[in-house]
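As structure tokens, the structure follows; a few thoughts come after it.
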Amino acid sequence: MRILYLLFAVLVLLFQANQGYAQEFLADTLECKARGNFCILTACPPTFSVSGTCHGGFLKCCQK
């Protein structure tokens, strides 16, 4: 059981070391939110249209 705690600590440190890469990956998400739109995994609701992508192209950015 002690090894699990050590592995968890190492994983946390590895992910914290790579924070700079998250900024590039989420740039489209920040742009979508700045325009007042929202991100969704499925299709946009009927009264909304797709205006771009979020999370590096994994989600759709929906606008009214």
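Each residue, glycine too, has its Cβ placed from N, Cα and C.
No curator has checked TrEMBL annotations; they are predicted automatically.
What TrEMBL lists as signal peptide is 1-22.
According to TrEMBL, the domain 'Beta-defensin-like' annotation covers 28-63. Across the domain 'Beta-defensin-like' (28-63), DSSP classifies residues as 10 helix, 14 strand, 12 coil.
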| request: Please indicate, using numbers and ranges, the residues of the same chain that are 6 or more beyond the domain 'Beta-defensin-like' (28-63) and have a C-beta under 8 Å from a C-beta there. | output: none
